[in-house]
Amino acid sequence: MASHIVGYPRMGPKRELKFALESFWDGKSSAEDLEKVATDLRASIWKQMADAGIKYIPSNTFSYYDQVLDTTAMLGAVPERYSWTGGEIGFSTYFSMARGNATVPAMEMTKWFDTNYHFIVPELGPNTKFSYSSHKAVNEYKEAKALGVDTVPVLVGPVSYLLLSKPAKGVEKSFALLSLLSSILPVYKEVIAELKAAGATWIQFDEPTLVLDLDSHQLAAFSAAYTELESALSGLNVLIETYFADIPAESYKTLTSLNSVTAYGFDLIRGSKTLDLVKSAGFPSGKYLFAGVVDGRNIWADDLAASLTTLESLEAIVGKDKLVVSTSCSLMHTAVDLVNETKLDSEIKSWLAFAAQKVVEVNALAKALAGQKDEAYFAANTAAQASRRSSPRVTNEEVQKAAAALRGSDHRRATNVSARLDAQQKKLNLPVLPTTTIGSFPQTVELRRVRREYKAKKISEDEYVSAIKEEISKVVKIQEELDIDVLVHGEPERNDMVEYFGEQLSGFAFTANGWVQSYGSRCVKPPIIYGDVSRPNAMTVFWSKMAQSMTSRPMKGMLTGPVTILNWSFVRNDQPRFETCYQIALAIKKEVEDLEAGGIQVIQIDEAALREGLPLRKAEHAFYLDWAVHSFRITNCGVQDTTQIHTHMCYSNFNDIIHSIINMDADVITIENSRSDEKLLSVFREGVKYGAGIGPGVYDIHSPRIPSTEEIADRINKMLAVLDTNILWVNPDCGLKTRKYTEVKPALTNMVLAAKLIRTQLASAK
């Protein structure tokens, strides 16, 4: 019985690759230094899998930045602006595409399906020239072979590559990207020929787009591609790997009818219906099924007994020698190694498995199927599963009851938004086009040091409070000097918008090294939600009241919304996600009520990640949006009409969910918009009726560039062409945490001047 891993984290157990990349980018180390770190990491990963007994070990899943960018390099599809002149693509061109350089911007980055990983989007057009320009896949196969490890080289499949691309600048938006299939397949043939010559016997094509809603034309491209590659692939075993959702019946039919393909990989965690499909539609005889039963996207130990039952039922259909135990997707979406968690509570730790432990689980399942079950290992797993089910720290009866009582009500505020805005205006007395910022202010080295020392107990609580108070006072003073209308306290006490709340809620645990790659060298460390969520004490009220006492202007209370906390955490898998979300919503609701009681009249509840949780298939959108929007309304349904509820959203493409956003029933919504002005405004141009306050970002905080007053005024005027004067707010598009004060002050100065300029124009037009 064989075992397989779809892919493995690249960063290293202690983020070795991150630090090597950043050192290289800063000019502090050489290309050779970076390559050495990468070579050592690859070798240790291959050795680890070989030692664990994995039969099908992947190669070419390592990347210096992103696997889709690696494919762009392999195909030589470098956009013209990078002035690449041919030959093997080196670090200079590769990292310019990923990060931009002094003279040209980076390629666009977008989310990889519904994960928190981001890929670099290929820019293609009818004139794109393709040539074999990066031999990485072959080099890494040979590198592993020299170490005595025979691997399965992994390539992003040709059809998914094109479906994930976008038309380059200047190319018609309607350009048919799939028309380039015949242009890229010759390069794939060259790569396949080299891999064969190097001794490869298996090859894995990742074609995750097969789980999306595809039309017949798109499905036909898979048949065309793998028919065209058939002779090149002869003599090789070919695995097509899918992940992140069920495979639709039509896609399954197309996939299983491909002659050149020997094996199919399915995600049986997110794809709970795929098992039924294999049973009902049948499975082609003589082909392999790679069964993704170990979750590649979470940190929970596998329920080995349950997985074994699934595998045994598949074995009856596929045959003993054709079933391979695998992960549901690449393990790059989970943390690296539990061994490095020395401070984690031992009971909670017994419920977890990171990437290194999941490799062992896959092999243990394969051996059990082959009649070599490790009884002690399985018994320990059964005990851990039982402890998790019965542990008193997981269940809080009071929370369960409160969450159950939410059903049957839609938790709307009693008065409609226009009446509320009138009541709020009487109390707040804001000018037309009120100015505000999104929440965070620059976090200086000194500020980070204070937080670090307080956490390490090197300074007293009094010293810490005094330092944070001083910072808040500075931020309030700056905003008053700039004449901003609705102030923020700058969030100096917060390291991260999710972790800060998770640390104060029960049901959350935190790791020391549970890092997961987000993009390039950037990693995130998601909290773990292991049990029922509740709020033992107020979390932000102390700081918000302190800040409000420093000014007569309205001070915003700042909270992270329940959907964002959920989508940016590793979530418990023993109850539906929406139940956990409702529990978080109830905890945030208590905080909102305490802020209101403490005299805070404007409360912002950020839902940066609301859209991120949208399922991959349209049929599932309505259910998700229904409970996500409901969770938001739960947080603030009990406040008075005079309390103004803001929310902030961090993505540009939400035209398709505008009605759900309206349904959130916030008083004011601020949106990251500056990079995609037209996209957002087109929604309102198309006649969507929107009556609440709205603040589309007037400048991009992700860039150090300081926008001029004229430029911001021009943006505001564009917005006023489609939005009513009395609902428009003026604000940056995101928090200012990552910027320097030397950038923030002039940018905000110009923003306030622009708002005043337009106010004067509007007044004189009357």
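Heads up, the Cβ atoms here are built off N, Cα and C, so glycines get one too.
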Which of these, Asp321, Asp594, Asp606, does Swiss-Prot list as part of the L-homocysteine site with Ile438, Gly439, Ser440, Glu491?
-> Asp606
Which of Trp202, Trp568, Trp627 shares the 5-methyltetrahydropteroyltri-L-glutamate site with Lys18, Asn116, Asp496, Tyr519, Arg522, Cys523 in Swiss-Prot? The record says Trp568
For the Zn(2+) 1 site that Swiss-Prot assigns to His648, Cys650, Glu672, which of the candidates Cys581, Cys734 is also assigned?
-> Cys734
Among the recorded positions Asn116, His659, His702, Cys734, whose Cα is within 10 A of the Cα of Ser440 (L-methionine binding site)?
-> Cys734
Which listed residue (Cys523, His648, His702) has most other Cβ within 10 Å, given these are recorded positions | His648
By a 10 Å Cβ neighbour count, the lowest-scoring of the binding-site residues Ile438, Cys650, Cys734 is Cys650
Out of Ile438, Gly439, Arg522, Cys523, Asp606, the binding-site residues in the record, which is closest to Glu672 (Zn(2+) 1 binding site) when you go by Cα distance?
-> Ile438
Can you see whether DSSP assigns Lys18 (5-methyltetrahydropteroyltri-L-glutamate binding site) to helix, strand or coil?
-> helix
Taking only the Cα atoms, work out how far His659 (Zn(2+) 2 binding site) lies from Asn116 (5-methyltetrahydropteroyltri-L-glutamate binding site), in Å, as a whole number.
-> 24
Any idea what the Cα distance is from Cys650 (Zn(2+) 1 binding site) over to Lys18 (5-methyltetrahydropteroyltri-L-glutamate binding site), rounded to a whole Å?
-> 25
For the binding-site residues Asn116, Ser440, the one whose C-beta sees the most other C-beta atoms within 10 angstroms = Ser440
Candidates Ile438, Gly439, Cys734 (binding-site residues); nearest Cα to Arg522 (5-methyltetrahydropteroyltri-L-glutamate binding site) turns out to be Cys734
